[in-house]
Each structure stands twice: as C-alpha cells, then as structure tokens.
Amino acid sequence: MNEFEIIRHYFTADSGRKDVLMGPGDDCALLQVPPQTWLAVSTDTLVAGVHFFADMDPVALGHKALAVNLSDLAAMGADPRWVSLALTLPAVDEGWIKGFCAGFFELAEYYNVALVGGDMTKGPLSITVTVHGTLPEGKGLRRSGARVGDGVYVTGTLGDAALGLQQRLGHIAVPDEHLDFVRTKFEHPHPRILAGQALRDIASSALDISDGLAGDLAHITTASGVRAQLELEQLPLSEAMKASVPRERGWELALTGGEDYELCFTVPETHRGQLETALAHCGVKFTRIGRILAGEPGVELLAEGKPYRLQAQSWDHFRSA
C-alpha cells in the first residue's frame, strides 16, 4: 500500500461530530468552533528510543500517543474535540498500523475526539499529535494562578509509570502481583479529562505531571511568582511502589520519574469543600501534598519536618541526551 491508500484505509473514519465540516482528504480541515469559547491546542512528539521502546505493542502505543496529548487538555480543563496525527514510519507494516489505529481510535471514540487530518512520511519511527479542545471563555486553568496560602494537590498515585520503566529495564524487581499494574501505568496512561473540567471553577492553577512532580510543580511556582513546600510523607504512593522499593526511592520516583499524567493543582482554602465534592463526583482520588508560600520561586521538600535534598532531577530532553 502507498501513503494515500494507507490514509484512506485506516485514517478516514467518520467520527460523526457535527462540528467537523471537512475532515481528512482536503488541504485543510474545516472545524466549527462554538461561540463564546476558547480553543485549547497542544502538540507532542513521541520518538522511538526516547519516549517509547521501538518494540512497544502498537495498540498500547496508539493509546499512549493520544493519551499524553489529551492530558494537556485535561490540565487546561478543556473539552476534547479534534486531533491531527503525523506518522513517520521506517516501512509499511500493515499489522503494526492496524494495531496502532486500534489503540488510537479506541481512546478517541471514548472521548468523542475526531481525527481531522495529519501526514505520513518515511523515516525513523516518530509520532506527532496535535489535539484541539474548547472551554468556556475565561475558564482555562493556567500555571500562573497559584497564590500564597493555596494548598497543593495531586490526583491518583505518583511514580508508577517510572516504576514500570525501571522494571522494564531490569533495574527494579516488582512483585508478580503488581506487574500488570505498573506496566499498565507505563504503557497505558489515562488522561484526567473529567477532573480537569471539574477543577475549572475551583483550582487557581494546574498542569499535568509529565516530567516528574518536582520539575513540573516548579513551572507553576515560576509562572506564579511563589514558592511551594511539599511534605514527602503525604506523597500518594501505590501498593506496588511500597512493595517494590524503600520509601525514599519511592519518593524520588514520584518526584522525578515522569509520565504519570496525573494532575498537579493548587486550590484556595476557601474552595476546599468544593474540591472534595467535585472530584468525588468524578470518582477521582486526590491528595493534599503541600502548600504555597511567599518567597523565591521553587519547590522545597520536607521529610518529617526537616529539609530533604533530592538526588535525582526531573526529565529534560537536552540535559539527559
């Protein structure tokens, strides 16, 4: 099959969305943006050998490629609508393409996201996804809204994807009863779309945790001109983490491991009751892990009330290269 045959066969399914006036097949997609809404747009590129193993199951990879982008929309509190996809493939492998599409479109269908365009070319395996979402005017969650006195919160548990990676590399032995859990966390993340939407009128700032909590929270403190203080005993660690590594190693995986795709957010004390109600309705567990202070932007860590020095650093492509 050539490029255009592949696109016609695998990438032109009709999503049924009425706001897609023109989908794949023309020079551009034509999309109907509702009045009095903001458009939220995010792009991520995944490269074999950097973001995923080249032999990763294509179904899981298709899911993850879309999920990590939807996580950015979740962090903004947006409603997912449309996606474009650019694939660079070393060769035409219909079995691989079929599997990738199965994972990609299953998640797209779950969130009613329409594929509206993209590109395909030959080269080293990489995937670029651009997602588009909408939200009511003035309701976007940003990194710059944290204020002194706010609580710092996260959804879910932290460090499990990093634990799954370390298990895959043979660096950490995970008990058999927890293997499926950590592998799923690493290969099959779930974006917190509903939680992000629920936080729109509650949180003062938010982002998704993609590069490790410590580094990502530092983005909030820099954008907001504040300082964050975290109590490490409050970090939510899974049973898999507790069974696999000592407590301090669990902290470091949670703080620097990355790829959790949970939400980190700040909430004024006056909104704490609303927060509990809103996330309970979503069925999302969350934990208060610290507070926002006045001071030079940064993240200070406390272990049993004493300063804690972090040995590892959050992910940075160019420092890590």
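The backbone N, Cα and C atoms fix where each Cβ goes, glycine too.
Per TrEMBL, domain 'PurM-like N-terminal' is recorded for 25-134. Secondary structure of the domain 'PurM-like N-terminal' (25-134) per DSSP (helix as H, G, I; strand as E, B; remaining residues coil): 36 helix, 45 strand, 29 coil.
Counting only same-chain residues at least 6 apart in sequence, those with a Cβ under 8 Å from the Cβ of SER42 (Mg(2+) 4 binding site) are ASN69, ASP72, LEU73, MET76, THR130, VAL131. What TrEMBL lists as Mg(2+) 4 binding site is ASP27, SER42, ASP72.
For ASP208 (Mg(2+) 3 binding site), applying a Cβ distance below 8 Å and a minimum sequence separation of six or more within one chain yields SER71, ASP72, ALA74, ALA75, PRO191, ARG192, ASP216, TYR261, GLU262, LEU263, CYS264. Per TrEMBL, Mg(2+) 3 binding site is recorded for ASP27, ASP72, ASP208.
Long-range Cβ proximity for ASP44 (Mg(2+) 1 binding site), meaning a same-chain Cβ under 8 A and a gap of 6 or more residues, is found for VAL68, ASN69, ASP72, THR128, VAL129. What TrEMBL lists as Mg(2+) 1 binding site is THR43, ASP44, ASP119.
Summarising the annotation, TrEMBL assigns Mg(2+) 2 binding site to ASP44, ASP72.
In the three-state DSSP assignment, the secondary structure recorded for GLU259 (substrate binding site) is coil. Every protein chain considered, the tally of other Cβ atoms within 10 Å of the Cβ of GLU259 (substrate binding site) stands at 23. What TrEMBL lists as substrate binding site is HIS51, GLU259, TRP315.
Marked as ATP binding site by TrEMBL: GLY118, ASP119, ARG143, SER210. For ASP119 (Mg(2+) 1 binding site), the count of additional Cβ atoms within 10 Å of its Cβ stands at 12 [all protein chains shown].
The annotation domain 'PurM-like C-terminal' is assigned in TrEMBL to 147-296.
If you draw a 10 Å sphere around the CB of ASP211 (Mg(2+) 5 binding site), it holds 21 other CB atoms from the protein chains shown. Per TrEMBL, Mg(2+) 5 binding site is recorded for ASP211.
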Q. How does the domain 'PurM-like C-terminal' (147-296) divide up by DSSP, counting helix, then strand, then coil residues?
A. 72 helix, 27 strand, 51 coil
(Q) Can you give me the Cα-Cα distance between ARG143 (ATP binding site) and ASP211 (Mg(2+) 5 binding site) in Å, rounded to a whole number? (A) 15
Q) If you count Cβ atoms within 10 Å of the Cβ of SER210 (ATP binding site), leaving out that atom itself, what do you get? A) 21
(Q) Using only C-alpha positions, which one of ASP27, HIS51, ASP211 is spatially nearest GLY118 (ATP binding site)? These are the binding-site residues in the record. (A) ASP27
Q. Using Cα-Cα distances with a 10 Å cut-off, which of the binding-site residues ASP27, HIS51, ASP119 are near ASP211 (Mg(2+) 5 binding site)?
A. none
